[in-house]
Amino acid sequence: MAKIRIHEIAKELGYDSKEIIEKANELGLGIKTASNAVEPEIAAAIYEYIQTREIPEAFKKNIKTPTAKKPKKENIKEQEKLNESEKKEPKKEEKLKQEVKKEELKIEKENAKEEEKQEIIDAHKPQSLASATLAKRRGLVIVKKKKDEEEIQVKKEEVKNSNDISINNEERLSLKTMFSNADESLKKKKKEKKSFVASKKESTEKMNFLDEHDFGDISLDDEDEVVLPDFSVKEQEKPQNINKKQPNFIRQAVGNSAGFGFEGGIQRRSRKKPSKKIEKKEVEEVGSVAISKEIRVYEFADKIGKSTSEVISKLFMLGMMTTKNDFLDEDAIEILAAEFGIEINIINEADEFDYVKDYEEETDEKDLVTRAPVITIMGHVDHGKTSLLDYIRKSRVASGEAGGITQHVGAYMVEKNGRKITFIDTPGHEAFTAMRARGASITDIVIIVVAADDGVKPQTKEAINHAKAAGVPIIIAINKMDKEAANPDMVKTQLAEMEIMPVEWGGSYEFVGVSAKTGMGIEDLLEIVLLQADILELKANPKSFAKASIIESSVQKGRGAVATVIVQNGTLTVGSTVVAGEAYGKVRAMSDDQGKALKEIKPGECGVIVGLSEVADAGEILIAVKTDKEAREYANKRHEYNRQKELSKSTKVSIDELGAKIKEGNLKALPVILKADVQGSLEALKASLEKLRNDEIKVNIIHSGVGGITQSDIELASASENSIVLGFNIRPTGEVKERAKDKGVEIKTYNVIYNLLDDVKALLGGMMSPIISEEQLGQAEIRQVINVPKIGQIAGCMVTEGVINRGAKIRLIRDGVVVYEGNVSSLKRFKDDAKEVAKGYECGVGIEGCDDMRVGDYIESYKEVEEQASL
């Protein structure tokens, strides 16, 4: 049999040759170089020693230094190995028997009393791979009861030193036994790492199930062993292939030799590489899964244990074209859960950075004080809302407004009878619906102003609906009572039809006749407001952290981002750290509506604050927090969340919408860059411009923002074809004008919303295809057809209606059906050419390209008129 060199063993095991030499010398082999060769049995022993870190039985006598004291190896185990060797090597049977007898005599002389204890230890020794697999397959385990009083002690003896390296046949284990023991040891070590084994080691010990046990005579009370099912064995687990991979150097050595420890020898390994077996992973059933309200496709797939492609294909089958980064709405999540058969629990991920939800209002009754009421004035445009507030404030706001209409939300403080009242003035124009809705949502009482001479108008109805939706009390102020055409009864009747019944008519709504010009009824109106506020019992805690609503925000030169706020709870002071949506910062300065500096704003009061990092959205809730770090974290999380959501929306489209998108691609668009002075006006303008569209044209707002027109806006406009820059209540500076002139960018600025919308409508109308209409000119009857050589047919006609013009478009009509359309090629009156022939005259008409004229046909003359389209 071929010997195996040390470097081959090192290569097979992936070790350095020096390490293999050291391990071999530890076994007493005396290896000096990597080229030294050893027998296959010794190579197998080295392999076992390196893998298990345990010295093989056959080499214990070869070690010169005394080993650590260990219990003596069992005699029964050696006998089993010898018996197995006898079966597999019948030729060496006689020799093995003699050696077994000698070994037995030695064991009996050494210690005959240890036989019983050795049998007990035998149960703990590593079993062969076949035994372990079979016991696992049967699913049973023999449990040995614990007895604290019995402690098994094994006598130890010193191993005799031996200088001669002689490996007897009884000490040479077969390759199969060696590797089965080594593999079993590794397998046992791996099992010990698993968590479920730790709990079993406390009370049970596995016995050799293949040994002979009389299970029929087992008693649970008297006996030490109990047969129990082994729950660590899976029922569905299939027995794995017992064959283990052997080292290449063993296969090379015994490849051609039959009968070495195996019946029939070892089969030659095929050169063909075995096909890789793909282990089928057990699909775990997913129970109830927590899914965030806003989740991307790939995140949803990870949550439910599916591949992203599988989820996308399912969405495609449901009619949704998505990418893995798109967000899923609640309906899509529920449909997918039903398709995959998964129970889900939808949670709102935005709660993690919902600073409003985290805000804790202290409700200690001792700290609650009466706060100022917040009153919102609403109504139709030009019904006198701002004029009424001007009289109350003794100011002239209305006279300074562009176009005589309010285009911003204003907050003002008024003191009446030593009590403060906060007023919010909202625009009445239809474009400012969102502003009115915000005003109604943060107010305590709503005053609806109706002109006595004009009655209920569309925005009046809308304001009433906003107030009802907010659930706040309504007071009706009938304005312009000083006019001769004033008719308050008409107003009451119209409002009664909307279920706004006056108190004097048996209803529950207060009606007050006022005049913003003369001051009539103003005192009565304020008295009713304070009375209503007392009924509501408006209270707040001024000692807690501030909570306020932003009703308007803008950028002011020299001050940066400013915001008009109304404090709802707590006290907002200079130096407070605040967060509002994506904006955060420390309040650097505060002022009232008159521009007077303030140190604090109490509940129910309004003011203007400076110090935010950016322009906050109108309608956001502003909260005071403890630290700047906390405010920054809230704002950054909100910014990232909104950004990801916006990016996702730009890509998501359903199959049903795809056709509309393709059709929309044929639309002509007017690219617009929109800048305004405040956030509320910008919001209103965007909403109004987006409504200016039809099947042919639309407005495309490529950028919008609060503040003045900058050079970056000009650069963006120059990069976009045919785009214009629209400014509302702002003016470009000299540098910006020069840059726009150089780039050929047109800038238009306005201070009245009517004018801006009208100009955009005109621009859109110029881009639309003109409307083509027909204008009938005349009609002639053909009475004779003359064929002229080289020219064709000439029709002799009588003009019966209007005139026939040379070069005009004509239709040839036969029996009421148009048979030809073309142009007049020649027109003559007798022999002379004519430009036109009027009704009642005869003429000769030549039609270009027509040779099928008949007597009795009619020639109809017309012209096409183009009209400019408008929205």
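For all residues, glycine too, the Cβ spot is worked out from N, Cα and C.
Region 'G3' is the annotation Swiss-Prot gives to one range among 113-116, 425-428, 741-744, and that range is 425-428. Between the stretches 479-482, 507-510, 851-854, Swiss-Prot puts its region 'G4' entry on 479-482. Summarising model confidence by region, the domain 'tr-type G' (370-537) averages a pLDDT of 79. Residues of the region 'G4' (479-482) grouped by DSSP class, helix first, strand second and coil last, total 0 helix, 1 strand, 3 coil.
Every protein chain shown contributes to the tally, and the Cβ of Gly379 (GTP binding site) ends up with 28 other Cβ atoms within 10 Å.
Applying DSSP to the region 'G1' (379-386) sorts its residues as follows: 2 helix, 1 strand, 5 coil.
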